[in-house]
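What TrEMBL records for Asn88, His93, Glu98 is oxalate binding site. According to TrEMBL, the feature Mn(2+) binding site maps to His91, His93, Glu98, His139. As annotated by TrEMBL, domain 'Cupin type-1' applies to 43-193. Per TrEMBL, the feature signal peptide maps to 1-24.
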Amino acid sequence: MANQFVLVWSLLLTALTVCCLTSASDPSPLQDFCVADSNSQGIGLHIPGNTANAVGSAVTSATVTQIPGLNTLGISMVRVDYAPWGINPPHTHPRGTEILTVIKGTLEVGFVTSNPDNRLISKILRKGDVFVFPIGLIHFQRNVGHGNAVAIAALSSQNPGVITVANSVFGSKPDISADILAKAFQLDESIVRKLQWTF
């Protein structure tokens, strides 16, 4: 009888564990809209970003930080400008899926699936083409056309967050120990220190 009780109890705990898996998303709205700051100004996605930087791109965000009227609505947008051969470096959005539309130019885009496959899914996009980057996966874009390029992306969160891989790994504050990064990336520690200094 005791063995049957233990078996039933184990099965019940297993069922509860399986049934209690959680998921997370932006909070559901409690009203039609929730403007956090009625004096806030809009943001102009018609204004090109300054691409005169090391990566040759500029991201203009339209998230709840810039547009308080997005509060509780679960959406946001960005405009990305690319100089010739400019990149939007490998990054991830921990809280949102992204759908990107090319407005001008030609972009090479891609994302990498999770471990253990780490498969690159990539495509060349032209004006009007659309591509989706799943939530949390590392992705990038590169201008491969003859001139500047522009894309608009929508994200499934009012605050999707962004983690740029190189900045996070080599520019953390305080630094991740150079010996850890040297081993992880199979690099000499002097190269890691140089990268940390750069970022």
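Every residue, even glycine, has its Cβ placed from backbone N, Cα and C.
Whatever TrEMBL says is automated annotation, not expert-curated.
Because the structure is a prediction, the values reported are computed rather than measured.
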Rounded to the nearest Å - Cα separation of Glu98 (oxalate binding site) and His139 (Mn(2+) binding site): 10
Least surrounded among the binding-site residues, given as His91, His93, His139, when other CB atoms within 10 Å are counted: His91
Pairwise Cα distance for His93 (oxalate binding site)/His139 (Mn(2+) binding site) [Å, integer]: 9
Neighbourhood of Asn88 (oxalate binding site), C-beta criterion under 8 angstroms, separation at least six: Val55, Ser57, Val59, Val80, Tyr82, Phe140, Gln141, Arg142
Listed in sequence order, residues not in His91, His93, Glu98, His139 with Cβ within 8 Å of the centre of the Mn(2+) site Cβ atoms: Thr92, Gly96, Phe111, Phe133, Leu137, Ile138, Pro160, Val162
8 Å Cβ shell about Asn88, His93, Glu98 centroid, oxalate site members excluded: Val78, His91, Thr92, Leu100, Phe133, His139, Ala153, Leu155, Pro160, Val162
